[in-house]
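These features come from TrEMBL:
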TRANSMEM  12-36  transmembrane segment
TRANSMEM  56-73  transmembrane segment
TRANSMEM  79-109  transmembrane segment
TRANSMEM  116-135  transmembrane segment
TRANSMEM  147-171  transmembrane segment
TRANSMEM  183-208  transmembrane segment
TRANSMEM  220-240  transmembrane segment
TRANSMEM  252-273  transmembrane segment
TRANSMEM  279-301  transmembrane segment
Amino acid sequence: MSRAPPDAAGDLFAANLKGSLLAVASSAFIGVSFIVKKKGLRRAGAAGSRAGVGGYGYLLEPLWWVGMITMLIGEIANFVAYMFAPAVLVTPLGALSIIVSAVLAHFILNEKLQRMGVLGCVLCIVGSTVIILHAPEEETPSSVEQIWHLATQPAFLCYAAFALVVSLILMTHCAPRYGQTNIAVYVGICSVIGSLTVMSIKAVGIAIKLTIEGINQAGYFQTWLFATVSAMCIIIQLIYLNKALDTFNTAVVSPIYYAMFTSLTILASAIMFKDWSGQSISSIASEICGFLTVLSGTVVLHSTRESDQTISPDLYTPLPPIYWHIQGNGETVKQKEDDLLSADFITVVRQDYFV
């Protein structure tokens with residue numbers, strides 16, 4: 001990994017400062033967007049099928065689009081932050097979105113945040129701080145071709161293949177069966193795909209930055225390939241993030257998504273850029289402790305979860321009651337509630353509801 005020469009240290013610090021401030025602003029916007037989109041999803045769910053069960057009525061809800069625009073602003077700020085600072089610095093600062101969304105959900109969505117939930121948020125922040133303080137320096141690529149070379153290393157190709165396989169299993173097998181009851185399914189898809197999104201977005205960001213500086217990167221097919229991968233991954237993330245927000249408590253979705261996404265992104269960055277190759281054992285151990293602290297915070301928050309009681313009418317509406325009667329000749333006959341009873345029926349044995 002290359003180190004900045006002494007005369008470039010000031011420029012590196014300025015770039016990291018810009019990236020950090022943009023990442024903080026991004027987290028604030030994204031945290032607010034969680035709440036606005038959740039209110040939009042609730043309104044859309046009251047008028048039709050919920051997003052958690054495959055409905056797309058939220059696309060007609062203006063409030064959901066306000067949340068989407070807010071998230072877009074945050075994502076643009078995050079996108080620009082990756083142009084200036086390494087992923088291991090930008091990504092952990094997403095912890096701020098946990099605090100914003102959890103506090104706003106407490107006051108706006110009436111999703112009560114218990115004292116242990118506050119402790120969980122604090123643990124997430126402390127763990128993120130440890131990660132930032134001991135994060136390795138990342139080599140800054142000078143062209144899209146250099147990122148392409150890093151992305152085609154055997155180690156990262158194995159990680160990308162593993163991420164795709166896991167995502168496909170979660171989407172095709174786990175989501176239809178366990179998505180409504182296990183928060184790790186929807187959030188896991190967003191996080192695994194998100195780690196690949198960051199790598200491709202960083203490539204696109206560097207291409208734009210170099211093009212602005214006069215070194216045109218539009219002529220390289222790698223630029224457009226990275227842009228296509230970014231767009232596809234972002235769409236998948238949005239679909240399953242909407243499902244997670246519509247199904248589970250916002251104060252729980254945000255920290256778990258943050259912890260999984262941050263961990264996998266830093267892992268992907270370490271594999272791709274070999275961030276840990278020049279670090280001491282103590283620094284690596286400190287980063288691992290930071291990860292464990294963040295994960296502990298998500299467990300604490302998950303233990304304080306208040307399950308949503310909203311029931312999907314199209315899935316759980318019971319069928320009309322059916323009455324069982326004994327006919328005079330001893331035969332058992334069933335008849336719907338709105339049918340008239342015949343004189344041949346002598347008594348009602350029981351009423352069954354089929355759900």
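Even glycines carry a Cβ here, placed using N, Cα and C.
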Among 147-171, 183-208, 279-301, stretch most in contact with the transmembrane segment (116-135) (C-beta, under 8 angstroms): 279-301
Contact yes or no, the transmembrane segment (220-240) and the transmembrane segment (252-273), 3+ Cβ pairs under 8 Å, gap 6+: no
Surrounding residues of the transmembrane segment (183-208) on its own chain - C-beta under 8 Å, 6+ positions past either end: 79-80, 82-83, 87, 91, 141, 143-144, 147-148, 151, 160, 163, 166-167, 170-171, 174-175, 217-218, 220, 222-223, 226-227, 229-230, 233-234, 236-237, 240-241, 243-244, 247-248, 252-253, 256-257, 260-261, 263-265, 267-269, 272, 302
Selected stretch (most C-beta pairs under 8 A with the transmembrane segment (147-171)) from 12-36, 56-73, 79-109, 252-273: 252-273
Contacting positions for the transmembrane segment (56-73) when only residues 6+ beyond its ends and CB under 8 Å are counted: 29-30, 32-41, 43-45, 47-49, 242, 246
Same-chain residues at least 6 beyond the ends of the transmembrane segment (79-109) whose Cβ lies under 8 Å from its Cβ atoms: 15-16, 18-20, 22-24, 26-28, 30-32, 34-35, 38-39, 117, 121, 124-125, 128, 131-132, 135-138, 140, 198-199, 201-202, 205-206, 208-209, 249-251, 254-255, 258, 261-262, 265-266, 269-270, 273, 275, 294, 301
Same-chain residue ranges lying at least 6 outside the transmembrane segment (12-36) that approach it to Cβ under 8 Å: 4, 63-64, 66-68, 70-71, 73-75, 77-78, 80-86, 89-90, 93-101, 104-105, 108-109, 245, 250, 253-254
